[in-house]
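Participant: Got a structure here, written out as structure tokens. Questions coming.
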Amino acid sequence: MSNNETSTEIVPAEQQPEIRAKQAPRPSKKPKPARKQVKPGDVVKTETVQTGKEYNIWYNKWAGGDREDNYSNKTKSQTRCQIKLDSGLTRANTTGNKYICLFFARGCCPYGWECEYLHCLPGANTALPDTSKDCFAREKFADYRDDMGGVGSFNRQNRTLYVGRIKETGTGPETEEVVIRHFREWGDIERIRVLQYRSVAFVTYVSELHAQFAKESMACQSLDNDEILNVRWATEDPNPTQKVAEKRRLEELGQEAIRARMDPRIVKAMRAVRALEDGDVLDEEDEFAEEQNGNKRRRLEIEGGDGGSEDEEHISPTSQQLEPAPPQSQGLLSASTMEGLKYFAEIRKKNGFSASQPQTKALPPQPKSLSGGLGLADYGSDED
């Protein structure tokens, strides 16, 4: 059997305590302070080559000059982040700052544990204080830049990166393996697609925060062939199947967020009202949950189209005296409304109301109208 293979063996009961003692988990190490990635003076800052007359701060290039994607205008990054070595505690862990250090992602933070921002990967379920900012506390914009660079847009959740200028030295699967090996360091990858002979790859992360971190960490970096990568935000996928899947995923995330913030009692009440209005039978799961709480709800069983219910036989005469049911064949109320009144009378009975409690003083009888209804039509009628 090779060293990479594992097997399951049955161990006698006498030897189990000894094995447990040998395989006892080691105590987890305390988080270490973050180290300083560079020293002052290690990184030589070079000015952008002037190719135009005006410098555009937003695009970080000279207006009117060569294209931003021109290979001659790109220089390889002097530093790169190493998550296992560079991650650690900073002052942000004490102050409660939730944002990541941008220079830590680029591998050139000189402050280390003295930094005011976090030195770690963002969690997949991390909730940022402001959704209009990225994980580095930079303001997002309504639209993407023309070259799909920059911070990004707050109108769309983008988890896909465009990776260009890849030097392909093998087949498509080999290039895909190289891309996965370099990009999975920054988070869980959902899918990856390599366009062979075009030097382009699309990397989709599970979390948008991981995509934001990977974009800054791999900008102007190289894979295995000393190339200078061009990492940008990817445009929207034109595939209709992916559009439908992304829409469904966003809807599920929104529903989960709403459920987490809603009171479960309100949800049950809304379902009961909706079932009563539609004349449907309540779900068994909801009924079982209410039975555990001691408030089992009566199930509605609709027979035919007359709106009647078999539960009318279980209503005691006492409850009928407290809540007299008007006739179904005449009056202003429909059959479904009459059924609703009976339903709430049953709820009132289950909540503890009985005939032993003092009854309210009965109102004097009102003269009925000629229509045979409840007397509501007497007010403002033509007989006055």
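Every residue, even glycine, has its Cβ placed from backbone N, Cα and C.
Annotations per TrEMBL:
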COMPBIAS  27-38  compositional bias 'Basic residues'
ZN_FING   95-122  zinc finger
DOMAIN    95-122  domain 'C3H1-type'
DOMAIN    159-236  domain 'RRM'
COMPBIAS  317-337  compositional bias 'Polar residues'
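Surface or core, plus neighbours and distances: that's what I need for these features.
Facilitator: Tertiary proximity for the zinc finger (95-122) is limited to same-chain residues at least six positions away from its ends with a CB under 8 Å from its CB atoms, namely 33-40, 43, 77-83, 86-89, 128-129, 133, 135-138, 186-187, 207, 209-210, 212-213, 216-217, 219.
According to DSSP, the secondary structure content of the domain 'C3H1-type' (95-122) in residues is 9 helix, 3 strand, 16 coil.
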Participant: Write out how many residues of the domain 'RRM' (159-236) are helix, how many strand and how many coil, based on DSSP.
Facilitator: 25 helix, 22 strand, 31 coil
